[in-house]
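Take a look at the structure set out below.
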Protein chains: 6
Amino acid sequence: MRPSGRAPDEMREIEIITNFTKHAEGSVLVCFGDTKVLVTASVEERVPPFMRGKGEGWVTAEYSMLPRATHTRGSREAAKGKQSGRTQEIQRLIGRSLRAVTDLKKLGERQITLDCDVIQADGGTRTASISGAWVALRLAINGLMAKGLIVEDPLPRKVAAISCGIVNGAAVLDLDYIEDSGADADANFVLIEGGHIAEAQATAEGATYDEEGLLRLLRLARIGCDRIFAAQDKAVGA
Amino acid sequence: MRPSGRAPDEMREIEIITNFTKHAEGSVLVCFGDTKVLVTASVEERVPPFMRGKGEGWVTAEYSMLPRATHTRGSREAAKGKQSGRTQEIQRLIGRSLRAVTDLKKLGERQITLDCDVIQADGGTRTASISGAWVALRLAINGLMAKGLIVEDPLPRKVAAISCGIVNGAAVLDLDYIEDSGADADANFVLIEGGHIAEAQATAEGATYDEEGLLRLLRLARIGCDRIFAAQDKAVGA
Amino acid sequence: MRPSGRAPDEMREIEIITNFTKHAEGSVLVCFGDTKVLVTASVEERVPPFMRGKGEGWVTAEYSMLPRATHTRGSREAAKGKQSGRTQEIQRLIGRSLRAVTDLKKLGERQITLDCDVIQADGGTRTASISGAWVALRLAINGLMAKGLIVEDPLPRKVAAISCGIVNGAAVLDLDYIEDSGADADANFVLIEGGHIAEAQATAEGATYDEEGLLRLLRLARIGCDRIFAAQDKAVGA
Amino acid sequence: MRPSGRAPDEMREIEIITNFTKHAEGSVLVCFGDTKVLVTASVEERVPPFMRGKGEGWVTAEYSMLPRATHTRGSREAAKGKQSGRTQEIQRLIGRSLRAVTDLKKLGERQITLDCDVIQADGGTRTASISGAWVALRLAINGLMAKGLIVEDPLPRKVAAISCGIVNGAAVLDLDYIEDSGADADANFVLIEGGHIAEAQATAEGATYDEEGLLRLLRLARIGCDRIFAAQDKAVGA
Amino acid sequence: MRPSGRAPDEMREIEIITNFTKHAEGSVLVCFGDTKVLVTASVEERVPPFMRGKGEGWVTAEYSMLPRATHTRGSREAAKGKQSGRTQEIQRLIGRSLRAVTDLKKLGERQITLDCDVIQADGGTRTASISGAWVALRLAINGLMAKGLIVEDPLPRKVAAISCGIVNGAAVLDLDYIEDSGADADANFVLIEGGHIAEAQATAEGATYDEEGLLRLLRLARIGCDRIFAAQDKAVGA
Amino acid sequence: MRPSGRAPDEMREIEIITNFTKHAEGSVLVCFGDTKVLVTASVEERVPPFMRGKGEGWVTAEYSMLPRATHTRGSREAAKGKQSGRTQEIQRLIGRSLRAVTDLKKLGERQITLDCDVIQADGGTRTASISGAWVALRLAINGLMAKGLIVEDPLPRKVAAISCGIVNGAAVLDLDYIEDSGADADANFVLIEGGHIAEAQATAEGATYDEEGLLRLLRLARIGCDRIFAAQDKAVGA
């Protein structure tokens with residue numbers, strides 16, 4: 001039995017509130033149960049130095065936990081003067097995941113930055129961030145298309161991410177904090193609408209797992225991402 | 001006529017939603033119109049080095065704007081590796097304002113940190129932060145008193161803050177972003193329930209002002225803070 | 001009775017020594033009693049990025065305490081790798097105060113940086129800095145006008161600053177360190193020749209104050225600034 | 001045909017030179033073809049703050065590329081004043097991988113740091129680092145056991161890591177730089193002697209992959225790690 | 001002929017004003033011609049971590065140029081967030097030079113920090129700093145001895161430093177900025193009263209020099225340091 | 001008797017292995033006994049900002065110790081976020097020494113960076129770095145000349161460096177770590193083929209030395225550098 005009473009392949013409630021803030025070109029509050037992340041998409045009509053002159057755009061992400069998103073207060077990275085390795089690892093993952101479904105040529109020479117700020121954490125903040133970031137990116141691109149700045153849709157497919165893991169010997173989907181902190185193995189999958197994998201990351205904590213374990217986790221992830229794809233569709237009115 | 005159509009002494013709608021997040025000992029979302037700040041109060045059973053062994057507590061604050069709280073995206077301070085002078089100035093002001101109404105001896109040797117994270121900005125983020133921080137602090141102290149960790153109330157009075165300024169020659173209350181960016185003079189007052197001043201800061205931008213101008217701004221601030229005191233009372237169920 | 005034996009509205013001796021160092025376009029040692037600040041004005045024929053192409057100039061300031069300007073040695077900010085919040089707050093105040101009396105259009109596309117380095121501290125370092133910075137700026141602008149680089153005077157009025165406070169219940173002018181560290185309320189006023197206010201900042205420490213208190217402090221500040229204006233005139237030979 | 005002329009499941013030559021430097025408790029130069037990493041294991045009789053008083057040890061890693069390990073010179077992280085996200089991600093992976101096979105209780109309250117400095121890079125620097133780090137750790141632990149400081153072996157199993165990827169549609173093992181920079185998908189597997197997985201990380205670059213693709217990569221990784229386990233055995237004289 | 005009209009072995013006027021500031025245990029303004037350095041000695045009753053528990057004291061130094069000590073304004077190291085290599089090199093040299101004449105055992109477990117802040121630069125700032133730092137240290141130690149905190153004098157000998165160089169083929173003493181910037185070789189000698197060398201640093205700039213050149217520079221340095229020793233004696237009333 | 005059994009004027013074995021790594025334009029592993037430094041020369045077709053538009057090139061150096069190059073592990077500068085004063089002092093010395101023998105005009109508008117990474121330390125790392133850097137620079141320049149990018153040789157003479165010191169009262173050449181840590185005086189000389197001095201740095205540690213001591217050290221340095229010049233010739237096949 002899971003602490004939350006959920007079935008092994010049961011996700012927490014997903015909520016994606018669009019236009020949560022008013023200034024950004026795309027803005028959502030994405031909730032996977034008690035995990036709540038504010039994601040904004042900001043469009044800038046310039047690209048970073050390494051992309052200049054290629055006639056292509058760029059999609060990047062930044063990630064942060066508010067200091068008291070967690071059970072005990074963590075120190076503020078701006079006050080410490082540097083981002084942790086964990087933060088950098090997560091924001092690199094979010095950026096790669098979104099770029100995996102974006103046609104940078106069709107985006108044109110502009111950059112879209114996805115800011116993922118965790119308001120409240122209860123496990124799965126990086127997967128909620130990726131899943132919500134797709135909606136924010138979709139909204140921002142819709143805006144650019146509505147203004148005629150982009151002609152062909154550079155974002156033809158959805159991307160979603162979900163965590164799963166092995167807890168007390170059983171493979172479970174969408175771990176909350178309690179499960180996550182005691183998991184034997186912990187995985188994050190980033191899946192693309194249609195069945196392909198953009199990213200798979202699985203880590204053994206204490207115990208290890210084998211090929212069969214990896215496949216079981218992947219199958220759970222497919223179940224979870226189908227749920228998220230539906231919620232994304234609903235959020236963008238598709 | 002003000003851009004928002006408000007009367008000179010008319011505030012924007014104030015909303016203070018308590019328990020906005022679940023982990024913090026005190027948590028509010030405070031809204032002054034479109035300005036929205038998440039404030040959490042975190043209790044730690046230790047004090048900073050300079051306060052050790054005095055038998056007193058400490059109240060401090062940190063402040064941050066989410067990168068896209070504003071019209072155009074600002075760079076993330078954690079990514080730049082340092083907090084701006086503006087950020088530091090504001091968080092010092094918030095901390096002083098709350099300490100002005102807290103009896104540190106009665107608080108006991110513990111620290112309460114008020115994290116003020118601006119979700120959406122439309123002028124007056126520092127004054128909304130102070131006003132909301134009082135509610136978060138009140139909730140955290142109520143919790144400590146309910147557990148018997150504090151016997152005598154260390155927070156007998158309320159504190160609130162409001163901006164006012166001279167815009168197109170007229171003194172107005174609670175400036176939004178449009179007014180703020182074109183103001184001739186810009187002031188922030190931190191007032192204590194009962195009429196005393198904790199902080200007064202008035203800056204001429206372009207034009208200057210005289211003693212009479214300063215007094216007019218102060219009188220507007222009294223009107224505004226009375227409104228905020230009422231909203232604070234309502235939020236904490238007083 | 002004040003520790004120094006001064007009357008409540010009595011300032012310390014003001015001394016402004018011009019051309020204290022030889023390289024800067026303007027250079028003064030300003031002394032308010034035992035508080036001694038070296039201020040230099042450096043002219044550069046370029047403006048910061050945010051001012052480029054506007055046909056206007058810029059005036060900015062930097063502030064620092066020498067490590068042993070104080071009773072006990074403070075750590076060197078260059079060695080710690082960052083400027084404190086206090087330092088940044090003060091240098092922002094100095095810059096704003098000088099810009100309040102400078103016509104940036106008449107200055108032309110050049111920047112003048114006012115470096116305020118506190119050689120010895122005994123209270124009031126920021127107000128001495130502002131008061132001395134005006135003299136250094138005046139000297140630098142005189143030089144530019146003498147060379148024909150500026151035609152119309154961009155600095156038609158003087159600016160001065162002074163601290164005042166409530167100590168043992170009495171409003172007093174120009175606090176020294178002993179008074180400052182025990183003050184109930186502490187204010188800094190930046191006044192413009194002719195009577196207008198550029199900045200007013202008043203903070204309650206422990207006790208608070210009311211409108212009448214604020215006005216009494218402002219009236220003392222007027223007395224002080226008149227003294228400083230006279231000293232500035234004498235220093236520049238006006 | 002692969003650029004190197006290798007078969008799809010053919011690794012580059014592996015060389016592990018022990019005692020490459022003389023001061024460290026364990027030291028190896030590990031070469032996967034032209035990728036050369038110097039790994040040292042340093043034993044310290046103290047643990048980091050978060051592990052104190054638990055009666056357990058800690059194993060951690062740091063990773064760095066020499067500036068000219070690569071085709072064009074990269075800037076030195078010490079000179080830039082911070083480690084890149086990539087560096088931090090890799091050193092976190094190395095540390096987790098080694099801890100996956102270390103019994104921290106049996107290690108006792110001491111820390112072993114594995115410094116992985118890339119002398120020359122030609123793809124696969126993180127997997128060569130992990131594979132070499134196991135040998136350096138083994139040597140350091142052998143030394144502690146020989147001195148009687150550790151009684152029971154805390155490192156009963158080997159760990160190895162290898163990259164594989166999909167290049168021009170074909171799954172290939174142990175990518176060199178040319179293959180890596182043009183791969184459709186890129187994966188790193190950390191495998192434990194006996195068949196279990198410690199870490200699996202697979203990223204699509206441009207193209208994506210499916211379950212079958214993931215399994216094909218994992219099978220290649222098993223072939224590669226068996227080769228590495230043999231080289232590790234030879235290096236430590238097992 | 002030297003630009004200043006001085007003879008090759010002629011120093012600039014040396015002035016050492018003691019008690020230039022009032023808080024420090026030792027304080028001097030040392031002038032070598034137009035080079036002016038404020039040096040303070042600060043006594044702290046604790047030693048840095050690497051010296052704890054040895055029953056010995058420590059003498060260290062910090063060095064900084066005020067931004068406009070030079071012909072054109074240099075950026076402030078505190079604002080840039082790090083000390084330059086030049087600054088660190090100089091402050092390490094000052095510290096070593098003073099420790100060369102201090103008996104750390106007799107000093108007892110306390111630290112004396114010598115802060116050398118260059119008010120105005122015209123060549124030779126490091127040598128003026130060392131020469132003035134000795135006086136500040138002497139004054140601080142005299143104070144400790146007068147209070148009975150130190151019994152035996154830990155500073156029995158003087159130390160002084162001077163620059164010399166080869167300019168237009170001729171060896172000259174005490175280079176000012178014009179000579180320094182065009183010198184073929186540039187040397188700094190730190191000499192101890194009685195004739196021994198604490199430090200010798202000679203650098204060829206463009207041209208090089210030989211053994212005879214090095215000896216000629218050393219002989220000039222002896223002439224200069226004798227002059228400085230006399231000025232130090234006069235300053236401390238010896 | 002020296003700990004190593006060497007005669008006072010006897011150097012350790014010198015080994016210079018060229019082409020130690022494959023990507024750099026010049027690459028050597030230089031060994032002075034157990035001190036081993038990897039030096040690479042990287043050519044870039046641009047110069048730093050302060051050299052632009054002069055029609056001249058630049059030669060610069062960076063230096064680093066691998067964390068476990070030494071007896072006990074030192075912390076990694078990239079992880080600490082800054083280079084130590086010692087590191088900066090050494091890399092400035094290496095750069096100056098190489099520039100002393102390079103004709104920057106003949107080099108053309110390009111920069112050559114010499115990265116000196118100490119693999120293993122046993123005293124004399126800076127002098128081994130300089131001596132090896134000359135070989136790496138020579139190889140890089142040979143490559144530029146072979147491609148016809150440089151016509152006239154900008155490096156007509158060799159430069160080498162060696163440490164010497166006074167240990168137990170005796171002047172000795174090429175100190176290893178044991179001697180270095182107990183030396184009374186410690187000197188580094190950078191000598192140019194033909195007999196001139198580029199740099200001389202001599203520091204008394206505890207004891208001091210006189211003119212005769214300085215000359216004795218310089219004579220030892222000549223013996224050492226002649227040995228190094230021969231090894232350099234052999235390495236480059238001259």
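Heads up, the Cβ atoms here are built off N, Cα and C, so glycines get one too.
Binding of phosphate is annotated in TrEMBL for C:Gly124, C:Thr125, C:Arg126; the matching candidate from C:Arg73, C:Arg76, C:Arg86 at the same site is C:Arg86. Of all the Cβ atoms in the protein chains shown, 14 others lie within 10 Å of the Cβ of C:Arg86 (phosphate binding site).
Helix, strand and coil content of the domain 'Exoribonuclease phosphorolytic' (C:159-222), in residues and according to DSSP, is 17 helix, 30 strand, 17 coil. The least crowded of the binding-site residues C:Gly124, C:Thr125, judged by other CB atoms within 10 A of its own CB, is C:Thr125. Excluding C:Arg86, C:Gly124, C:Thr125, C:Arg126, which define the phosphate site, the same chain contributes C:Tyr63, C:Ile90, C:Val118, C:Ala121, C:Gly123, C:Thr127, C:Ala128, C:Ser129, C:Ser163 within 8 Å (Cβ to the Cβ centroid), listed in sequence order. The average pLDDT computed for the domain 'Exoribonuclease phosphorolytic' (C:159-222) is 92. The Cβ of C:Arg126 (phosphate binding site) lies under 8 Å from the Cβ of C:Tyr63, C:Ile90, C:Leu93, C:Ile94, C:Ala161, C:Ser163, C:Asn188, each on the same chain and at least six residues away in sequence.
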